[in-house]
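Colleague: According to TrEMBL, the protein has these features:
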{"type": "DOMAIN", "residues": "28-327", "note": "domain 'Plant heme peroxidase family profile'"}
{"type": "DISULFID", "residues": "38-117", "note": "disulfide bond"}
{"type": "BINDING", "residues": "70, 73, 75, 77, 79, 91", "note": "Ca(2+) 1 binding site"}
{"type": "DISULFID", "residues": "71-76", "note": "disulfide bond"}
{"type": "DISULFID", "residues": "123-323", "note": "disulfide bond"}
{"type": "BINDING", "residues": "165", "note": "substrate binding site"}
{"type": "BINDING", "residues": "195", "note": "heme b binding site"}
{"type": "BINDING", "residues": "196, 247, 255", "note": "Ca(2+) 2 binding site"}
{"type": "DISULFID", "residues": "202-235", "note": "disulfide bond"}
């Protein structure tokens, strides 16, 4: 299909969505926010994202994770994209964000959009749309993304350390973290399912759980011993670089398999296993491995809700010319 035909189809789809859903919400976001100021924005974003994902599908989970990390720190304001300076260590250089990938995708999309509509579309909106499009392009769910976010001007490593949920977290800590962002216990269970795609490294969140869980050379007793034995063959105690699947055997497919492994106590992180420690999250996990699974339907609404955390709208913030630099 030619680019012009693809653009036409995307425009038609977006016009129908805007006609049905063009209603502002309480945060000042709405579907089709750029319909008048940059009508081709979402089509350009989708086409440019596809150029990257078609070559490297593994960027999809990375971009989804980047959006998550952005929203949990200062709200969904694109602050995760800002570079450090000599006077400030930015979020992307904090310990939780050092493994983030895909910044080149956001920069490439931003350039393409700026060429069409200079100074109109925020980096925060671009990140939200790219994350959705990337997941959809690997046959994951598609959800409507309300837009109208503005870009933040503050990005500090300490804010990231203070706000991004840790893979070491227990269920009490996870529920408090998500609750502080206006997300429910169900949202926690649903959004954890994003671990159905992607990989991690054998970093301390994995190796400490395997080799020194309580500081006495022991293994986390909540992990399946057989799975722990498999992981120990992959991740040695001082290993920081070897790649390990978060959803073994299904890491390229956006499905409910993650909940199956969690139910068997084979979640990679302590935070995965923690879902079995609360009656509500455990019930959700178990319900997803039955014939009545709702995960693929639930994921989009949870992402929309997350995408509204602490947004800047109206005249707040700015529209960055380059996503890595404050104007």
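We number each residue from 1, going along the chain as drawn.
Cβ atoms are placed via backbone N, Cα and C, with glycine included.
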Colleague: Which Cβ among the recorded positions (71, 73, 76, 117, 202) has the fewest C-beta neighbours inside 10 Å?
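Modeller: Among the recorded positions 71, 73, 76, 117, 202, the sparsest Cβ neighbourhood within 10 Å belongs to 117.
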Colleague: Taking each of the binding-site residues 77, 91, 255 in turn and counting other Cβ atoms within 10 Å of its Cβ, which one has the fewest?
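Modeller: Looking at the binding-site residues 77, 91, 255, the Cβ with the fewest others within 10 Å is that of 255.
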Colleague: For residue 165 (substrate binding site), which of the disulfide-bonded residues 76, 123, 235, 323 has the nearest Cα in space?
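Modeller: Nearest listed residue in space: 76.
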Colleague: So of all those recorded positions, 195, 202, 255, 323, which one's Cα sits nearest to residue 79 (Ca(2+) 1 binding site)?
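Modeller: That would be 323, the closest of 195, 202, 255, 323 to residue 79 (Ca(2+) 1 binding site).
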Colleague: Between C-alpha atoms, which of these recorded positions comes nearest to residue 77 (Ca(2+) 1 binding site): 71, 195, 202, 235?
Modeller: 71
Colleague: In the same chain, which residues outside the set 196, 247, 255 have their CB within 8 A of the centroid of the CB atoms that define the Ca(2+) 2 site?
Modeller: 193, 195, 197, 250, 251, 253, 254, 256, 257, 258
Colleague: Cα distance, residue 91 (Ca(2+) 1 binding site) to residue 196 (Ca(2+) 2 binding site), nearest Å?
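Modeller: Approximately 25 Å lies between the Cα of residue 196 (Ca(2+) 2 binding site) and that of residue 91 (Ca(2+) 1 binding site).
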